[in-house]
Amino acid sequence: MSKLSDRIIQVLIRKDVSIHAQLFRFMSLLGTIAMAVGGVYTLAEGMEIKNVAALFAGALFMGMLFWAGNKFQQYDLCSFILMSGLNGIFLPVTFLRSGGLKSGMPLWFVLGFISLFFLLRGKSLVAGTVITIIADAYCFYTAYVHPERITYMESESVVYGDIIVSAVITIFLTCAFMFIQITLSEYQRKENEKQQAELVAAMNTQSRFLANMSHEIRTPINTIIGLNEMTLREENLSDDIIENANNIQSASKMLLSLINDILDLSKIEAGKMEVVPARYETGELFSEIVNTTWIRAHEKNLEFCVNVSEKLPSMLYGDEMRIKQVLTNILSNAIKYTQKGSVTLFVESEQTGADEILLKMAVIDTGMGIRQDDMKYLFDSFKRVNEGSTKGIEGTGLGLSICSQLVNLMGGQITVDSIYQKGSTFTVTIPQKIVNAAPLGNLNYNSSSRHQRSSYKKSFEAPEAKVLVVDDNDMNLLVAKKLLRETKVQLALAHSGMECLKLTAKNNYDVIFMDHMMPEMDGEKTMDLVRNQQGGFCRKTPIIALTANAMSGAEEKYRKMGFSDYLAKPINGILFEAMLLRYLPKERIEYMIDPDEVSEMDGFRILGQKKKQRLIVSTDNVVDLPNDVIRQLGIPVMHYFVNTEYGHYEDMVEIHSDSLLSYIEKDQYAKSEAPTVGEYETFFGNLLEEAEQVLHISIASGSGKGFENASQAAAGFSHVQVFDSGHLSSGTGLMVMHAANMVLKNKDLDEVLQSLEAIQPKIQTSFILDSSKQLYRSGLLNKQVWKMTEMLQCHPVLALHKKKIVPAAIFFGNTQDVYKKYIHAQMARWSPIDQKVLFITSAGCSKETKDMILEEVQKYKKFDQIYMQEASAAITSNCGAGCFGLIYMLQ
């Protein structure tokens, strides 16, 4: 079937015609063949010559239509002629001359009806159906009322033969038509999928090109703006230098704006533009817009009037960048197309809900206006209205098209009222959420001259802070170095991801700024390697992406990658310092002015305080993780307690396993105790000051009251969840490491929980005891059983089953031999072991014993990382001296 359809496609299918046309070609060809076969059969049966002639005439007629359709490309007309001739003339005549109802002709009528719906469409289908119904009705009427008009076949055997042949031909043609229809539809579907794949590939190529172009163009602009800002920071500059520097700044921003227009339109057309809301100061937004616009209006001797409502909320939540882009574009157009008179900006708000307003912005100009005929083209890309009047006016013709689409994305509306030669009014309304409802008051804007400059004010120093900047471009590194010079941080520079990894392996940096797009190893890959660097000092260090790909959705995009934050290039010096201040440890900062004043400075106010982590993974100290791992992964730990005859001690802070063993050897009382509900509540409350959500991973619920107390404490918080690991000691530790690494990659809570559920049954947690004496002390064995196990040199193995500690096996013999048997049983198992990490967690084992265990393990498996971990005092109190466990994960 597949080979046959492929051959049909190769020989007959034409890509330049429709499916209906393809069906006509097939059906007319098959019809020609079928009628020719019918003619040969009737001739062989000795029927009247006129019947034979009719069939051959039909074959000739269909063959000529096939030729004409291909020759003149009039497939719809030929299809209609074919079906009208077939159903309206040929079949009725044949019916009357070939036996009427006492023949195979009724089957041909069925075929005629089926063919109609394959070949015709629209009005042709309606007309063809009417013709066919009339013709068939006439035939049946004649057969019933005037049977004498019908020429019947000579014998019954001829009738049966005709019916059989007609049935075969009808079935064959119907199946052929259906097969052709299915084949053509499948072919069309594959072609559409192929074109769709090519379109997606082309769009992806375009997106990559846009990203690369954005990066390559913004990189030199970053250098120009950054170094120019350093020039403006210098003291005692002449007016000429200040004017030149301001002109450079203005031209650079204009160039950046033009680039943004082209990139934005491409992203909108590709469906990749998104609105990213954030809080913003309305005063700052409109002050900046007014100051920028005033300069251009002043250059053209236009009056620029501003009327911003004093009742406007002082802080809103929306996409400030896009609002600024829309309003700046409209104001820029108003100034461009106004030769004399004025441009006026009105801004007001209308309360639409308890915490929502409709922001209304109107721009009125006295320019040339827009003809009514041109209004429909106003928001078209690359289209400029009033072409004759706008020659010589700069611009790409993209501005209003982008504005319209951006306003729609923000859920707003843009309208235009214009009178030709008198002026225009553009009105934009956009819904915004209220962050601070305090009235804006009088807008503080300054229509200053270009000879003025913004003064730089040092806000803080951090001479003890270590900061790393990673960028493959030397000029970008120079700009970063100069912009951070006044902060006096210890700045290290890396030209590549590989150089960054060498530095993070040796130094502990407080903050890392990393270029997103670098050759060989990009920022995302480098960040991921830093987060997982064995022995690295920066696994938990905040990493901020420096990106020239400034686009909507950037913050969410980079956070999902695992970056702590991002800064868009060209880098603004004030925002650069503000971002650094946000993530520097408080003890490293030396404020030059009052900290409250810093928080109100430009840039610092926009960025706000350090954002909370989305998710923190916490646990208890009894999970037996190395301190280095806890520090590098930033895991907050809640400590258990150990009760003895001499007091209540915090585990691994006030008492360690070696001290506890001395109690146990003297047969003195020692028992572990989980934190209370109140202590967990305090612990979780503190964590929620740093994170939006807390996931606390507890040891198995059947091994004490830790899970129960933590769960009761978590019930008082909406954003704290306690997870029962179902394991003890480093078995739980493996799950904590897994979850913490997922958090570093910015996985959300549901993803982490789902992954923990998946790996829980794969983790193997077990311990072999040197003796069963501690089980006797804990009340798990009576004295007689304990004495018997001592006499038989029994060494029990404890494991976790259904979240409870249960005896898993017993080995007999001396300690060294038993330890080797246990190692063999664990390492030589049939189930494949994940050889990334192994914990050898022990309590009271000598160095010689530990070395023997490690050597024996390495005879069986080569693990990427083996942790020789000393068990916590709480775990030791349950196992006693000389116990150890091999804890790992199955594949």
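Counting starts with 1 at the first residue shown.
Yeah, the Cβs are placed from backbone N, Cα and C, and that goes for glycine too.
Noted in TrEMBL for the protein shown:
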DOMAIN    212-434  domain 'Histidine kinase'
DOMAIN    466-584  domain 'Response regulatory'
MOD_RES   Asp515  4-aspartylphosphate
TRANSMEM  23-43  transmembrane segment
TRANSMEM  49-68  transmembrane segment
TRANSMEM  80-97  transmembrane segment
TRANSMEM  125-143  transmembrane segment
TRANSMEM  163-184  transmembrane segment
Are there three or more C-beta pairs under 8 angstroms joining the transmembrane segment (49-68) and the transmembrane segment (163-184), sequence spacing 6 or more? no
Taking DSSP states H, G and I as helix and E and B as strand, how many residues of the domain 'Response regulatory' (466-584) are helix, strand and coil? 49 helix, 24 strand, 46 coil
Other same-chain positions with a Cβ less than 8 Å from the transmembrane segment (80-97) and lying at least 6 residues past its termini are 24, 27-28, 31, 48, 50-51, 54-55, 58, 61-62, 65, 103, 105, 108-109, 112-113, 115-116, 119-120, 124, 127-128, 131-132, 134-136, 138-139, 142-143, 149-151
All-chain count of other Cβ atoms within 10 Å of the residue listed as '4-aspartylphosphate': 28
Distant-in-sequence neighbours of the transmembrane segment (49-68), which means Cβ under 8 A and at least six residues beyond its ends: 25, 28-29, 31-33, 35-36, 38-39, 42-43, 74, 78, 81-82, 85-86, 90, 93-94, 97-98
With Cβ-Cβ distances below 8 Å as the criterion, list the same-chain residues six or more beyond the ends of the transmembrane segment (125-143) that contact it, or say none. 80, 83-84, 87-89, 91-92, 95-96, 100-101, 105, 109, 112-113, 116-117, 149-150
